[in-house]
């Protein structure tokens with residue numbers, strides 16, 4: 001059998017997977033500390049559910065029984081989910097009668113996008129999402145909450161593993177809509193679509209589009225651009241917006257909501273969240289707060305953690321479930337770092353102790369030592385072969401296993417220190433019990 | 001949007017998912033205690049890799065970009081993996097230069113089978129596999145080891161969560177092959193294929209097949225059947241086989257290898273492993289020890305944990321990687337129990353404490369209490385609305401949250417006990433910190 005990697009489907013060596021698991025464990029720990037319940041949805045959804053939003057259709061992977069391909073009429077009725085929001089919306093509707101609202105869930109799963117692979121784009125990747133959904137209503141303070149939970153998670157990843165710090169950029173769609181309405185422009189989405197191109201085409205070109213396409217006055221267009229350049233780490237953005245002299249009740253609402261998020265974050269995680277009035281995000285989708293997040297020093301990755309408030313995550317015609325949620329692109333952060341060996345575990349196995357084997361007929365004694373160490377939670381292997389001790393040490397060394405147990409002694413193979421030890425009482429230093437994870 | 005469940009794709013409510021995660025955590029803990037390294041492989045493999053073993057072809061789900069379906073020439077080049085062995089074999093070969101052998105890995109992932117759904121059959125399910133692979137050689141003691149690791153995992157699931165105990169049935173293909181050869185039958189696989197039907201068609205019909213199809217003497221056929229009925233929880237099977245009067249060196253080898261597994265298991269996990277000389281399993285695949293496992297009281301599920309020794313997990317023509325591995329069908333065990341509500345968590349959220357909110361303008365104070373509890377590892381939510389206290393208690397009660405925090409007091413809502421408490425020192429009873437998992 002010949003094998004070759006599939007472009008866009010990253011896979012890690014064990015030391016990389018150990019590092020990835022440590023990150024996923026930290027996310028789960030954070031989400032559970034905040035009372036988010038875990039769910040897992042199936043990998044497939046009906047094509048009907050997946051293609052509701054026309055623009056992503058081309059990225060869907062269809063799934064079909066091979067047998068069906070050969071014999072039955074083809075029905076493209078299933079596809080792999082391309083995010084965790086569509087499946088969650090379906091899950092909420094399907095199980096609504098069994099869920100308690102507001103319903104807080106986290107979901108850490110693979111998603112798939114059938115796009116042409118390119119640098120930094122994956123066809124299979126892991127996302128970690130939190131969402132809070134209400135039954136018809138959902139209080140505004142949850143918009144603050146989800147941002148703080150994600151920032152707390154990133155703070156843990158930063159302090160525990162040395163992953164880069166983040167800056168979350170937050171805006172509120174009501175703010176922009178109210179501002180444009182205050183300027184007399186009714187089609188606020190048309191303005192937003194054009195302002196959203198600011199980073200790509202620059203302010204002059206955007207101003208031209210606003211004037212030429214939408215018939216907005218050059219003065220009003222200039223104000224739209226001024227609004228988009230406002231970015232503050234505290235609530236001073238409110239004054240800056242006020243100074244533009246536009247008045248509208250929806251603008252007031254947006255300003256107040258955004259100020260609440262910024263204010264809470266400034267207290268809880270100083271320096272990690274900014275009001276950034278150019279953030280648009282998911283034009284047809286979000287209706288209030290929107291979030292994007294940059295990894296400091298890795299801004300070229302784009303937003304690694306995004307989301308927002310939606311008035312209707314799901315609806316069955318009678319009931320509507322509004323929600324707010326944020327999604328971390330775990331693979332987008334980790335795959336480049338792990339792939340380049342910049343973020344891996346200190347060893348390629350969980351093993352803390354290798355118990356040496358003196359001769360094959362005394363393997364049972366080594367197994368017994370290992371069982372006693374494991375009974376106290378110490379990950380332990382027994383040497384696969386009664387080789388010369390040097391070779392057994394090499395087995396440990398190649399895997400990064402720090403300790404080798406010989407008879408009644410234990411040796412730290414990094415320092416060469418050897419000392420008498422009892423498998424019922426000996427305990428490794430806490431930092432050696434499990435692999436340590438750090439940026440290299 | 002209308003939704004309906006997809007047959008064969010089980011999904012759980014949060015309390016079920018919490019229970020499933022507790023099981024998966026326990027498996028991972030056991031595997032890591034024994035030094036198995038985690039890997040995760042991509043969900044897709046090339047169809048070439050998946051269809052190598054002709055018989056399962058019809059169960060494969062093909063995966064194709066929707067865009068490709070519409071515009072490009074169809075190429076069925078990718079499919080979802082239907083087990084974790086094919087992907088592991090490919091991974092070993094692809095990354096051999098970066099792995100240290102013997103390589104011990106565990107892998108807990110979803111797999112997919114495109115079969116027509118029926119009771120107890122899933123199209124998407126979770127497997128938990130351990131394998132040990134060597135570079136050209138692999139010592140026999142690993143056959144003992146993988147069985148004991150799996151039995152240790154099941155023992156934890158039994159004592160921690162009340163899942164049913166298991167009995168692992170073990171055989172050795174060399175034993176049967178040597179026995180048949182000792183009877184003068186060269187085509188041992190042909191015999192095995194027929195003996196494998198014993199449970200389905202009964203001994204008389206099998207004897208007739210052996211005599212009619214293979215031209216074996218009625219006496220030899222009777223011995224083949226006698227061999228297949230031998231089942232012992234200790235090494236007494238050796239004497240029972242010897243009493244049949246058949247001699248062959250391969251038989252001796254098989255008897256010794258199986259005796260070693262049975263002997264070790266009888267000491268480590270008494271009563272959980274039996275020698276069962278009718279077990280055939282994966283006819284073209286396994287070459288030595290084979291394992292099947294029944295869940296006591298749920299024998300109708302079939303084997304929930306199976307595997308064996310293979311002389312060649314993978315080969316690139318020059319190198320060959322022999323291995324031994326066992327796979328737990330996690331969904332096969334849990335989906336029926338969780339689906340019927342017989343195995344769920346004590347609450348539907350991780351939350352241990354709900355901090356009540358007196359009025360919306362004091363929410364900040366409640367957030368502060370929650371943060372201090374979380375800082376000490378106590379999963380905590382803040383009430384979503386400053387409702388009357390009765391309603392806030394009901395919020396907790398509906399989710400199974402045991403404690404509600406009011407001002408300077410904490411109330412156990414199950415008993416009604418209320419006492420003064422400080423968020424920097426109060427600690428819940430250990431059994432209430434996380435949801436408890438048990439068979440209901």
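Note that the numbers count up from 1, one per residue, in the order the chain is shown.
Glycine too: its Cβ is placed from the backbone N, Cα and C atoms.
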In TrEMBL, L-histidine binding by B:83, B:84, B:85, B:127, B:131, B:281, B:285, B:286 extends, among B:113, B:116, B:272, to B:113
Record-listed L-histidine binders B:83, B:84, B:85, B:113, B:127, B:131, B:281, B:285, B:286 have a maximum CA to CA distance, in Å, of 21
Within 10 angstroms of the C-beta of residue B:281 (L-histidine binding site), the count of other C-beta atoms across all shown chains comes to 19
Around the Cβ of residue B:83 (L-histidine binding site), other Cβ atoms within 10 Å, all chains included, total 17
Across the region 'Disordered' (B:414-440), DSSP labelling yields 4 helix, 6 strand, 17 coil
Same-chain residues at least 6 apart in sequence with Cβ under 8 Å of the Cβ of residue B:127 (L-histidine binding site), in sequence order, are B:83, B:84, B:107, B:108, B:109, B:110, B:111, B:327, B:328, B:329, B:330, B:331
Over the domain 'Aminoacyl-transfer RNA synthetases class-II family profile' (B:23-350) the mean pLDDT stands at 91
Reduced DSSP state (H/G/I helix, E/B strand, rest coil) at residue B:286 (L-histidine binding site) is coil
